[in-house]
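Participant: Right, I'll just put the structure down here and ask away after.
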Amino acid sequence: MTGSFWLLLSLVAVTAAQSTTEEQAKTFLEKFNHEAEDLSYQSSLASWNYNTNITDENVQKMNEARAKWSAFYEEQSRMAKTYSLEEIQNLTLKRQLKALQHSGTSALSAEKSKRLNTILNKMSTIYSTGKVLDPNTQECLALEPGLDDIMENSRDYNRRLWAWEGWRAEVGKQLRPLYEEYVVLENEMARANNYEDYGDYWRGDYEVTGAGDYDYSRDQLMKDVERTFAEIKPLYEQLHAYVRAKLMHTYPSYISPTGCLPAHLLGDMWGRFWTNLYSLTVPFEHKPSIDVTEKMENQSWDAERIFKEAEKFFVSISLPYMTQGFWDNSMLTEPGDGRKVVCHPTAWDLGKGDFRIKMCTKVTMDDFLTAHHEMGHIQYDMAYAAQPYLLRNGANEGFHEAVGEIMSLSAATPHYLKALGLLAPDFHEDNETEINFLLKQALTIVGTLPFTYMLEKWRWMVFKGEIPKQQWMEKWWEMKREIVGVVEPLPHDETYCDPACLFHVAEDYSFIRYYTRTIYQFQFHEALCKTAKHEGALFKCDISNSTEAGQRLLQMLRLGKSEPWTLALENIVGIKTMDVKPLLNYFEPLFTWLKEQNRNSFVGWSTEWTPYSDQSIKVRISLKSALGENAYEWNDNEMYLFQSSVAYAMRKYFSEARNETVLFGEDNVWVSDKKPRISFKFFVTSPNNVSDIIPRTEVENAIRLSRDRINDVFQLDDNSLEFLGIQPTLGPPYEPPVTIWLIIFGVVMGVVVIGIVVLIFTGIRNRRKKNQASSEENPYGSVDLNKGENNSGFQNIDDVQTSL
């Protein structure tokens, strides 16, 4: 009895302690929510002001507001850690405390946190204000509008190449040193928060613990992404082969029938969405176009009309109207007052019921669908606004992105477009129009999945340290070729930072959300279509006007982050994992059609071919065999010297052979395919236009003209510095120079030796002359040797010298 009594008493004490801790935690969080609302709003408002008016003054105000918010959050995070999660039974309180106990950037020292903030601001500014000088017009073109127009509409291979390279040279090279520092600091922050690296920190958004069967790990996300990509890949390969065949008609001399696709030909600056390739790839051109851009222009649509129609869609499924503040404060078009702004479309939940969208809307079907996507974010924000501050977010980042995409799937259907008067009432759907529609959808949806998967995989590997910074670009394009089937149109060395030329990378966004959202959106779409009682093919489903579907979706949206995402997913679709079957079901008719179209085509891609292969010259260098122990190290400095030497040869050739002054520089000599045993390929572009590749024959002529000079620069000859395909000059092998002091010493010693020899021979000659003169009158002629007299006139010279 006594033991039981003490056990019962202990349980009562523990329960009382837990109850006290929970009450204290509840009071703490209520106070936090109230204070966080104000400070977070001021920080978000300052950020909005900067993004819609990029000035030094606004960046200063933004930094000050962020500093206040960070200091507050750091202190609150420290206080939250005093509450033991084991003593909290209320799951809502526990989730809030767990979120707040993550210190974020406040885990860094004040100095490093400030530096990271400075880096992020600089990267944002460089991206948002980057411009490229057009050599034809001498006009500086920004990304929007300007370069994006070229990448969306131009069919000029070289014009597209100029825009593609210009953006990466002007923006990417500036971002490179900042991004290197960014990786180090973000990794340090992540490890201070008990994550392996920053990629692991990002994957933490999907982690669910303490939820039993609904638990989900960060490692599981990686496995699910790999699994689903393997299932999607056959569809992508068929789409890739079809697009390649079509692009060969537009760019016949620039596409390999078995190779990768040049990155600058894929519809936008990054090759992320292939939507703009539709006009080049439409299967049945004689059918009415399902791209309603022209109809929108003819009917005088503007940005406000686009967003009003998007609002009507949401209202038709019983979701709320936008607030008046939304219409008053949003930036739906690019300002005409000269302000510099961040044009990339984004939805903003500033707090306190202040919801806004920032977008430089153009009257196109693509922006019509983007408006639905961004307004989907706002609907999600409004739905969970009643949740505590720390739970006002999507169930995971992919959910937030998927909501708007669900609406885009319906808004793109011919059924919905006819209802808006954007397709003729007599528009007839048949097999050909359906294939046209599905191909257009696939260019946007399927075409982007490998891009997204590969980009995030590269970043995860960078953060994990699996790709050293000395190989960032090499590995980036290696993975791009292997995974995406896309090749760089010009080789990029380690001065570039091509990934950071995308908004989401420069602005520090996790990117895997755009992969997971695509899987989720089709799972959601299939489930909501069933709720809407749709019958027939999934790709024909339009849930507009279905209040039942809207209410089912709204129930999930209101949860925010208060429940595990695995549970929220199960509530909608019936399972708690990512499943690609709905996506594959949606595109099944297209997949079948593509396989038939590609019957006689190569499906897949070789990674060996590049657009510049035909104009490249291979070089092999043998330092050891030529110089032995005196061989020097081949490094970046030597490569720079090589490029400069080729530039010199090009200048000389154009001057002497063509009577032209062309100022080639080392940056006009492009090097690729570098191997450790010192071999590489190179080609040359015009200094006036990077898209103008100098014909290989011209470069070969220039090399022949200056071959001896190039050999001398590297202390090599034609055998140890080989330009494959260029005949040897048959010039004499290189002879190393002699040191000057050795020459002087040799001359002096030679003079001394010659002087000594001259003196010796002069002495001998004089003696002989003297002896010859004496024999003409012999003073000893009277001496009679027979009588034993000594002839003193005849003595051996050696005897005379010895006696001396």
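Easy rule for this one: first residue shown is 1, then count along the chain.
The backbone N, Cα and C atoms fix where each Cβ goes, and this holds for glycine too.
Grabbed the feature section from Swiss-Prot, which reads as follows:
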- R272, H344, P345, Y514: substrate binding site (BINDING)
- 613-804: domain 'Collectrin-like' (DOMAIN)
- 771-804: region 'Disordered' (REGION)
- 780-783: motif 'Endocytic sorting signal' (MOTIF)
- 791-794: motif 'PTB' (MOTIF)
- 1-17: signal peptide (SIGNAL)
- 18-739: topological domain 'Extracellular' (TOPO_DOM)
- 761-804: topological domain 'Cytoplasmic' (TOPO_DOM)
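Give me the local environment of each listed feature.
Facilitator: The Cβ of H344 (substrate binding site) has 18 neighbouring Cβ atoms from other residues within 10 Å, across all protein chains displayed.
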Participant: Residues other than R272, H344, P345, Y514 within 8 Å, Cβ to Cβ centroid, of the substrate site?
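Facilitator: Output for this site, in sequence order: F503, H504.
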Participant: Need one number for the substrate-binding residues R272, H344, P345, Y514: the maximum pairwise CA distance in Å, whole number please.
Facilitator: 15
Participant: Kindly assign R272 (substrate binding site) to one of the three DSSP-derived states: helix, strand or coil.
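Facilitator: The residue in question, R272 (substrate binding site), is coil (DSSP, three-state).
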Participant: Same-chain residues six or more away whose CB lies under 8 A from the CB of Y514 (substrate binding site)?
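Facilitator: Residues satisfying the criterion: E401, T448, T452.
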